[in-house]
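Worksheet: the structure to be examined is printed underneath.
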Amino acid sequence: MKAVVTVVIARRKSHALNNAGTMLHRALGVATVGACLLFAGHAAAQQVYAAASMKNALDDVSAAYTKETGKTPVLVYGASSTLARQIEKGAPADVFISADQDWMDYAQKHDLIDTSTRHNLLGNALVLIAPAATTGNVDLTPGAADLDAKLGNGKLAMGDPAHVPAGLYGKAALEKLGLWPKVQGKVAAADNVRNALLLVARGEAPYGIVYKTDANAEKRVRIAGTFPADSHAPIVYPVAVTKRANRADADPFYRFLQTPAAQATFQRFGFTRP
């Protein structure tokens, strides 16, 4: 009998800086139990812990894998920081896909992954989004960036710049453009990039910083600007098999992620080759 697909956005306690963030977490408060507890009974299925920004694309890749093999991976999505710490605490992950190198480095430093399997799977771009019903773009070129003026008294939704990869990239880009001191006090920090996306989609923040793939996946937002590639470190998604993995289950899915068919699916959602 096939394992049942279970998808959870792994979340930590909210760090939102405004009422919009509070409203968001009330709306999403239906699935807050740690993934390591939720999936204790699914030891027979591949357990894939992946950055929240991968959800739409990885759902499709997983469906294709199931069609080909008859096996259905358990997919756990969240901030890379949250997932790495859950794995460290014993969560039964077989494959880990991070949205940046830092949290994969963390997993490697704590001996959580088989380093021989680590490689860069995907790339992405960083964009500024606004609600779809709005018009006008924001200049994000060095020396001319006008985000602060466009924000006014509004909030800037982004992943928590203290630990969420999208937030770390966003802060670096804003610092490079000389905007961080001006907008720091207007940041609505979200637990993961998809929660930042939702703040803008719901009209609770006029602008947000997310990955291009997130913007492509949400019809209620539009891209209002693209951050220069040299304003932040390259956005790379490393993948690795964990030390605790059941290799008979983990290895086939790990290899499937690298097939031309899987890569074509990722690119259809806006991911790039690293």
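Note: Cβ is positioned from N, Cα and C throughout, glycine not excepted.
Because TrEMBL annotations are produced automatically, they should be read as predictions rather than curated entries.
Residues or ranges marked as molybdate binding site in TrEMBL: S53, S80, A166, V193, Y211.
Counting only residues at least six positions away in the same chain, the Cβ atoms of A51, S98, A99, D100, W103, M104, V164, P165 sit under 8 Å from the Cβ of S80 (molybdate binding site).
Taking the mean position of the Cβ atoms of S53, S80, A166, V193, Y211 as the molybdate site, the remaining residues of that chain whose Cβ falls within 8 Å of it are A51, A52, A79, A99, N124, G159, V164, P165, N192, R194, V210, D214. Within 10 Å of the C-beta atom of S53 (molybdate binding site) sit 31 other C-beta atoms, taking all shown protein chains into account.
Sequence-distant neighbours of A166 (molybdate binding site) (same chain, 6+ residues apart, CB-CB distance under 8 A): S53, A99, L126, M158, G159, N192, V193, A196, I209, V210, Y211.
Cβ-based neighbour count (10 Å, all protein chains) for Y211 (molybdate binding site) stands at 30. Among the record's molybdate binders, S53, S80, A166, V193, Y211, no two C-alpha atoms are more than 14 Å apart, and one pair sits at exactly that spread.
DSSP assigns A166 (molybdate binding site) to a helix in the three-state reduction.
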